[in-house]
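*Asks:* Please read through the structure below; I'll follow up with questions.
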Amino acid sequence: MQKFALGIEYDGSWYCGWQRQRDVPSIQSYIENAIKKITAESVTVFCAGRTDSGVHALGQVVHFETYSRCSKSAWTLGMNRYLPSSICVRWARLVHKDFHARFSAISRRYCYIINNSCIRSALLFRKTWHYKKYLDINKMCDAAQYLLGENDFSSFRAAGCQSHSARRKLYHIRIIRKGQCIVIDIKANSFMYRMVRNIVGSLVKVGCGEQPETWIAELLENCDRSLAGVTAPASGLYLVEVKYPSDFSIPSSFIEEL
């Protein structure tokens, strides 16, 4: 039996998240069904990050085990033949038996896109958060610096989160404006359930002037989710990169850091 890793890209607008569920469309079920079409095997696919309903991915990584001896091109071209147009296999790698898409990862990177315009976009409404009020990204950038390093992120931890600890290490958080869109690029060793969306919701309260930049530091200190901002919509969130030790030879994201 061999173990393969795949790089997956998808538009999450049409799915009820990554995880396989009964009677609803999920990314996992489509991937597993495509593998079965090629190998005639029923496999379980494990992912680096279980994205919620409506969340997108440019750099999701998955792994599975199979008896098949298919080539890399068979996995990419073959699987894409059986996948809907909103899901794509970008690359395939034969990996060491010790590799695990989730537990071998050393960092994860997300981007969140806000359409900061008074007029909504018909094309972007499933791909961004439409926020009408003008956001000052300089204030948002200053506030975001308090999040860097290792901290207790309990104030950004969603109800239902099953993580044993709220401590995470943020490596970078960068915010830029491109036309009417604001892009928030955030990287950490790992993230808790809805942590990125909760951080974004709080930074928006700073950007619109409802809270000062130092409020983010107060949230970290208080460790109280009820004090923080709203959870930003799923539509603006993208999993863009998962990093692994170089020994596994997993491709890096094709999305450059901001």
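Heads up, residue numbers simply count up from 1 along the chain you see.
Placed from the backbone N, Cα and C atoms, the Cβ positions cover glycine too.
Remember, it's a predicted structure, so these values are computed and weren't measured experimentally.
Just lifted these from TrEMBL, have a look:
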type: ACT_SITE; residues: Asp52; note: active site, nucleophile
type: BINDING; residues: Tyr110; note: substrate binding site
type: DOMAIN; residues: 9-103; note: domain 'Pseudouridine synthase I TruA alpha/beta'
type: DOMAIN; residues: 143-245; note: domain 'Pseudouridine synthase I TruA alpha/beta'
*Asks:* Return only the integer: C-alpha distance in Å from the residue listed as 'active site, nucleophile' to Tyr110 (substrate binding site).
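*Replies:* Computed Cα spacing between the residue listed as 'active site, nucleophile' and Tyr110 (substrate binding site) is 13 Å.
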*Asks:* So what pLDDT does the domain 'Pseudouridine synthase I TruA alpha/beta' (9-103) average out to?
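*Replies:* Its mean pLDDT is 94.
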*Asks:* Far apart in sequence but close in space: which same-chain residues, 6 or more away, have a Cβ under 8 Å from Tyr110 (substrate binding site)?
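*Replies:* Once residues fewer than 6 apart are set aside, Tyr110 (substrate binding site) is near Asp185, Ile186, Lys187, Phe191, Val196, Leu237, Tyr238, Leu239, Val240.
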*Asks:* Does DSSP give the residue listed as 'active site, nucleophile' helix, strand or coil?
*Replies:* coil
*Asks:* Would you mind splitting the domain 'Pseudouridine synthase I TruA alpha/beta' (143-245) into helix, strand and coil residue counts from DSSP?
*Replies:* 35 helix, 31 strand, 37 coil
*Asks:* Kindly assign Tyr110 (substrate binding site) to one of the three DSSP-derived states: helix, strand or coil.
*Replies:* strand
